[in-house]
């Protein structure tokens with residue numbers, strides 16, 4: 001069950017990443033071709049009515065003019081509609097052509113504009129990026145709960161011996177200090193025994209357990225809310241089919257969007273409806289056999305040298321992990337901000353960020 005869930009979550013992360021990249025490429029193509037603008041137009045300006053306009057994609061064979069020489073309404077969200085207004089022609093400059101029989105059907109009076117490149121960026125690309133981040137956070141929180149928190153099924157638990165700091169301390173003590181460091185392993189074993197006891201209580205009566213352990217309840221609820229937020233942001237892509245900007249999307253891209261949404265829904269439903277593991281029947285007073293190697297520890301020699309080496313292994317591993325984590329976060333944040341700014345300038349000519 002746990003392995004299948006982890007594989008499913010990794011599959012969701014992979015699907016969101018691939019679709020987001022495809023959407024960015026498609027939006028870049030729209031921006032370069034100048035086909036990312038749509039207009040709320042009236043064929044006959046004398047029949048002006050806010051309910052009678054129709055949205056249509058920019059067409060270079062048509063003539064677009066502002067109704068009454070007034071700037072049309074934009075689409076909101078600070079959507080750079082000034083880019084779309086550059087295609088508008090002053091009505092007075094074509095007054096002679098407007099009365100011509102062959103030209104009049106090509107004139108469109110514009111009452112509103114919308115830059116769909118900005119809409120797709122602000123609404124969908126950023127929502128998918130947030131969904132990807134929330135799914136990643138959920139995956140990390142879930143793995144930590146499986147290692148240090150309570151779980152309902154034994155198959156969902158992860159041995160605390162796999163804790164990164166425990167492994168780092170063991171490697172440093174073995175490779176650099178030529179000694180055997182078991183203090184962290186013993187501590188992880190004690191945590192695992194305590195965690196297993198809490199998990200049995202949680203499995204027998206989850207509601208009472210969460211009532212008596214409010215911190216665990218808050219953490220589990222937070223984990224669920226993070227996943228729910230990721231699902232909502234991801235499925236918000238469905239709105240792409242019901243907005244005027246749907247006109248700038250090709251049929252093949254709409255098909256890819258439908259396939260992507262279908263994959264996410266199928267994976268989430270499979271995780272929701274998948275049955276849990278069946279516990280074997282046990283006789284009264286019978287206890288399950290514990291794995292012999294679960295808390296097996298090597299005996300380490302004693303002495304001042306070994307004590308100093310163990311302290312060094314613990315300190316060095318702690319500092320090393322924190323330094324690597326800080327460097328990773330700095331590089332990740334700088335890369336994301338710089339890439340987003342560069343991409344916004346390429347798409348819109350300017351960026352939201354200063």
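Note that Cβ sites are derived from N, Cα and C of the backbone, with glycine treated the same way.
Copied from Swiss-Prot, the annotated features are:
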{"type": "CARBOHYD", "residues": "33", "note": "N-linked glycosylation site"}
{"type": "CARBOHYD", "residues": "52", "note": "N-linked glycosylation site"}
{"type": "CARBOHYD", "residues": "59", "note": "N-linked glycosylation site"}
{"type": "CARBOHYD", "residues": "90", "note": "N-linked glycosylation site"}
{"type": "SIGNAL", "residues": "1-31", "note": "signal peptide"}
{"type": "TOPO_DOM", "residues": "32-118", "note": "topological domain 'Extracellular'"}
{"type": "TOPO_DOM", "residues": "195-205", "note": "topological domain 'Extracellular'"}
{"type": "TOPO_DOM", "residues": "274-315", "note": "topological domain 'Extracellular'"}
{"type": "TRANSMEM", "residues": "119-141", "note": "transmembrane segment"}
{"type": "TRANSMEM", "residues": "172-194", "note": "transmembrane segment"}
{"type": "TRANSMEM", "residues": "206-226", "note": "transmembrane segment"}
{"type": "TRANSMEM", "residues": "253-273", "note": "transmembrane segment"}
{"type": "TRANSMEM", "residues": "316-336", "note": "transmembrane segment"}
Near the transmembrane segment (119-141), which same-chain residues lie under 8 Å Cβ to Cβ, leaving out any that are not at least 6 residues past its ends? 6, 9-10, 12-13, 16-17, 19-20, 23-24, 27, 30, 75, 77, 79, 219, 222-223, 226-227, 229-231, 233-234, 236-237, 239-240, 243, 245, 344, 347
Highest Cβ count within 10 Å among the glycosylation sites 59, 90: which residue is it? 59
Excluding the flanking five residues on each side, which residues at least 6 beyond the ends of the topological domain 'Extracellular' (195-205) place their CB within less than 8 Å of a CB in that stretch? 148-154, 157, 160, 213, 216
Candidates 33, 52: member of the glycosylation sites with the richest Cβ shell (10 Å): 52
Rounded to the nearest angstrom, how far is the Cα of residue 52 (N-linked glycosylation site) from the Cα of residue 33 (N-linked glycosylation site)? 29
Of the residues in the topological domain 'Extracellular' (195-205), how many are helix, strand and coil by DSSP? 10 helix, 0 strand, 1 coil
Between residue 90 (N-linked glycosylation site) and residue 59 (N-linked glycosylation site), what C-alpha distance do you get in Å? 17
How would DSSP class residue 33 (N-linked glycosylation site) in three states? helix
Considering every residue in the topological domain 'Extracellular' (32-118), what is the mean pLDDT value? 68
